[in-house]
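K.L.:
Sharing a structure with you now.
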Amino acid sequence: MSGNLLHRLPILRRSDGIGGALPALTLITLFFVVPVVALLLRSVTDPVPGLQNYATLFGDGTYARVFFNTFLVATVVTAVTVIVAFPVAWMLAIMPPALGSIVFGIIILSMWTNLLTRTYAWMVLLQRTGVINRTLMDIGLISEPLPLINNLTGVTIGMVYIMLPFMILPLVGTLRAIDPMTLRAAALCGASPFDAFRRILLPLSLPGIAAGGLMVFVMSLGYFVTPTLLGGTSNMMLAAMIAQMIQSLLNWGLGSAAAFILLLVTMALYALQLRLVGAKRMTGGI
Amino acid sequence: MIEPFLFIRDLRKTFGSFVAVHDVTIDIPKGEFLTFLGPSGSGKSTTLYVIAGFQQPTSGNVLLEGRSLLSVPSHKRNIGMVFQRYTLFQHLTVAENVAFPLRVRRRPDAEVKRKVTEMLSLVRLESFGGRYPGALSGGQQQRVALARALAYDPPILLMDEPLSALDKKLREEIQAEIRRIHRETGVTILYVTHDQDEALHLSDRIALFRDGRIEQIGTGEDLYLRPASEFVASFIGNSNFLPAEHLETVNGSATIRLADGSVVSGVRIDQDFSHGQKTRLMVRPEAFRLKPGPATAGLAVEFIDTAFFGERRRVIARTAAGQEIDVRPTSDMAQAHEGIASRRQIFFDPAAAFLFPA
């Protein structure tokens, strides 16, 4: 917002353009670009120069499993997030603005709450003797505790919860731009509510789903805290593996190579998103 | 009695304590072009929305060929509708938009194709099938909306101020299209507008709404020449209302005294007035003449201003009582022009004037 405002003032743009951004640029170079380059160098020099670290990562079944697992978790989390977020976003889009801003406030507030706190809260809820299992057993729905933690279920629940705002916010924007009259028109054309959703609402909201989905997917790929605390050892994700390689195994070369691969995949997906958003602009939001 | 085609019976819709539609009853024959005319908030759109199924009435019924529509959801009513804003599906091409109602009805491909071609030629957009709505002008988009609404041969077409987003020239162009399409398809059209010219131009009959009730229903001529109330007279066409006192009525013909003291007799009335009752005499601007005719009444005025409008000249005149009136004489244009700032008499036929209670 303020950035746009500054750009509208030509004098500021000309004289302060580079000078004003200098501290931030320095910071990014020192603490981001330099470490990334160092990481890349380490991955091809440690312990000896060559691509052997990458060969190990791609050749070993154990590492391949972690890569697969990472993509599996990110895919499942993204899919579940889309399904859960859509009705919420739709409700927010058609809600009276006053009520909508209250619900928005609740969503934003949950984003500001400490990540660890929220993840530990899920541990309390999901464990064998946790609130959910005990309640279900008390009312007689189950006789044995459900395995809700230390597996894919736990990771999915915990991460979907954290990712929801990132999906809801772009989706609400897209849905608000859809004229509700369009759906009435579809109804009078003979479309049942399901037809109207499948043929009209869903295609029209695809840009929002794509933007939010890609963001959630990219964030999920590199997630560390939630998978570590709520997931089991059998479905380790990439970030956790990198931490283990560097902290426990002290294998800096291998860890760097894995981190670099993660960075490349993330950047590739980000580039894809930019392309999609760019294409959307060119066709006027279709 | 013949079963009415579309019958709106004692329709009532309230929002809290606000009565939006007040026991409206209309009988609409097949193939009619009926316009709901009225100021905003007069209940015309609400009535249309009840027919479309977007709103449930508080009481009353809507019957199509004798069967109630109220329990039928919108998507099963088989009614066509064109909206105020362009509600085309932006992610579908023009042809796919027109095909949409046929696709959801699972019609065979060949039929869909044939019907889309037929509809696009009906609205004269044959070559636009492959375009997206975003690439069309407002007028073209409304024509696509019209083609989409007619693609499944609905018995009734609802139109909710479809031209209000268009500029004047386009409006007239699409009005002509709508008249032609009505003629060619014979579909029954219920049309909502607040624009009296549009209503007069398009409709077979006009239902004039006011505060949730129908003030008068009839042809444009009925409403213009035989207004049932002062509201109708002032809403349809331009009118001058001269304060007058009712003196007596003989055989449906009233004698009144105007504010300047002149007495006019032969005013047509269709309600009872008492002696001395305050009334208002309505005279259409074009009912004034610059020369006296047989049985005309005179009115002393002063011409203040004239403006030229091509086919006719508009004169602003002031009566002896100080009231400004609108005069649009059909002839004697040169005279009207010469006569600025001059006192003179203008004339009108009392039989073409109307008396309303003040």
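Cβ from N, Cα, C; glycine included.
So TrEMBL lists the following for this protein:
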type	residues	note
DOMAIN	A:67-273	domain 'ABC transmembrane type-1'
TRANSMEM	A:21-41	transmembrane segment
TRANSMEM	A:66-86	transmembrane segment
TRANSMEM	A:98-116	transmembrane segment
TRANSMEM	A:155-179	transmembrane segment
TRANSMEM	A:200-225	transmembrane segment
TRANSMEM	A:245-272	transmembrane segment
K.L.:
Under a criterion of three or more Cβ pairs within a distance under 8 Å and sequence separation of at least 6, are the transmembrane segment (A:245-272) and the transmembrane segment (A:21-41) in contact?
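P.N.:
Per Cβ check, the transmembrane segment (A:245-272) touches the transmembrane segment (A:21-41).
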K.L.:
The transmembrane segment (A:66-86) and the transmembrane segment (A:98-116): do they have three or more Cβ pairs under 8 Å, with pairs 6 or more apart in sequence?
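P.N.:
The transmembrane segment (A:66-86) and the transmembrane segment (A:98-116): touching, no.
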K.L.:
Residue list, the transmembrane segment (A:155-179) vs rest of chain: Cβ under 8 Å, 6 or more residues beyond ends.
P.N.:
73, 76-78, 80-82, 84-86, 88-90, 92-93, 107-108, 110-111, 115, 118-119, 122, 126, 148, 201, 204-205, 207-209, 211-213, 215-216, 219-220, 223, 226-227, 229-231, 235, 237, 285
